[in-house]
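As written in TrEMBL, here are the features:
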| type | residues | note |
| --- | --- | --- |
| DOMAIN | 4-154 | domain 'APS kinase' |
| BINDING | Gly11, Leu12, Pro13, Ser14, Ala15, Gly16, Lys17, Thr18 | ATP binding site |
Amino acid sequence: MSGGATVWLTGLPSAGKTTIATALAGTLRAEGRRVEVLDGDEIREFLSAGLGFSREDRHTNVQRIGFVAELLASHGVLVLVPVIAPYADSREAVRKRHEARGTAYVEVHVATPVDVCSVRDVKGLYAKQAAGELTGLTGVDDPYEAPARPDLRIETEGSTVEQSAAAVYAYLGASGRIASEKR
């Protein structure tokens, strides 16, 4: 790969996006590649503090993350973005920004059924929603628009983290986003 790329992992809360991105980043770094993970929770805390969870605020958050990802990718970094990005138009705007600048963009749908996500419930969000303590949970009482044509769809139910990360790695290699030899 001559330049960087943005690999956006979209999916429901607790689908496995960050876990897969972290595992993949470890593999890529071990090969000597320049990799950054833009975690949605960290971005919300430091770059998007003050934004809520309205459709407009979620769109703004996704655009901010997309801007940073494209900037890093345009400087040769492989950027992994494990962020829900619930709206198709927001994700499409990020893709178009990358295309307009000639920066590679890969959309990975981490397709995990909501019942599996609620069992994983890493942050306790599904339990809070079920108890009536939380509203606006993506995929439950707030929309999640699954990608119609992602570059790659990973079904995490029944797969290990390593298998899921390996599937993304294999796609990146097959699509020419990463060279077969380390840089």
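The backbone N, Cα and C atoms fix where each Cβ goes, glycine too.
According to DSSP, Ala15 (ATP binding site) is assigned to coil rather than to any helix or strand.
When the neighbouring Cβ atoms lying within 10 Å are counted for each of the binding-site residues (Leu12, Ala15), the highest count belongs to Ala15. Neighbouring residues of the recorded ATP site, listed in sequence order and excluding Gly11, Leu12, Pro13, Ser14, Ala15, Gly16, Lys17, Thr18, comprise Pro82, Ile84, Val110, Thr112, Cys117, Arg120 (Cβ within 8 Å of the Cβ centroid).
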